[in-house]
Amino acid sequence: MQLIVCGLGGAGSRLAEGLVAANSRGQRSAVVDSVALDTDEGSLGELEEISDDHRHLYGVLESSGRGLDGHRKRGQEVAEEELTELFRAVDDLQTSRGDAFLLCAGLAGATGATLLPHLAAKLRSVYEIPIYGLGVLPDVDATADEDGSDETGKQVDRAANAGLAIDTVTETTDSLLLFDNALWTKTAETDAEPAVRTRLNETLVTRVTALFEAGEIDRSGRVAESVVDASEVINTLSSGGIVSLGHASQEVDRPTESRFGLGLFMQDKELDETTAIKAIETTVRRAVNGKLTVDINRGSVQRGLLVTGGPPEWLNRQAIADARSWLAQETGSVEIRGGDIPTPDTDTIVALVVLAGVGDCQRVSELRAAAANNTE
């Protein structure tokens, strides 16, 4: 699936940068073009993969080029005032080659989170392709009560900002892929630390790249046996609302034998079918039962997509079909799509699970409650 990737704000632009970098070094390509839009000149200057002429600073009068420091109202005003110019920056990209727009933003801030719904609505009025949001939730306790300290007050504001952004973004996009920093940070870490932020972004980029590269022809011309094309992804994500991603990988040992029994001239040996089936089953279950990008109630999922990748001989079709049936039972959804990504040059099996149209997510409910409490 071919994407027009738009990084909005500092967090969103760093995510877009990561997606562009992964696209350039991967075996498959899913990013057609990219742009970064921000109120912080310093953050834009740190980007490397997105070219200078595709980085746009806006809101200079309000921010002096130093960002909006979480002031959501100012962000909304600036986004509305400069929307025409910002839309033009996106419209100038190679949009005719794209299957969808992917708008990336940190949802706790004031720049990307406020621009995203305005830009999505404007794009919707002009383009007929899907518009997806990729949103990052802050590493804050959404249930904390403000105690008067500056630090706690900022946490409450970030939680409230995220709660408000979730609603405005889901209303204006076809689906919102969420990543919860609070779920992925370790004890004593914060998502403000550059090294932590980089690790979290890499985790998310791996999953998003696996989703949108599925079904694309690799650089050597190989295609999947059971292709997940753009229409399958679009149908899965057309349920709207929140999307969570699961991912797991497993190293496998390719069976080999010596032609003469002397340890010389090793060649591939036929793979035992039971071994392949067990490997697929284990990897898929780890992807579903392990840590998702955002924790959800799996029973509230409307649609799903299962993508499995690895050495072609390990991608047992019956095992993949059984895994899809198991996922349907786990979610209660009858709309579970699937496909494979054969990768002959790897010794790793990968499973990506897309859980779309989520109706029950405790983290989202907490952030929405924080937003409601903060406006009372």
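Glycine too: its Cβ is placed from the backbone N, Cα and C atoms.
Feature annotations, reproduced from TrEMBL:
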BINDING   A110, T111, G112, E146, N181, N201  GTP binding site
DOMAIN    2-219  domain 'Tubulin/FtsZ GTPase'
Using a Cβ cut-off under 8 Å and a sequence separation of 6 or more, which residues in the same chain sit near N201 (GTP binding site)? R14, L15, G18
Output the one of T111, N181 that, of all these binding-site residues, has the highest number of other Cβ atoms within 10 Å of its Cβ. T111
Using CB atoms and a 10 A radius, I'd like the single residue among the binding-site residues A110, G112 with the highest neighbour count. G112
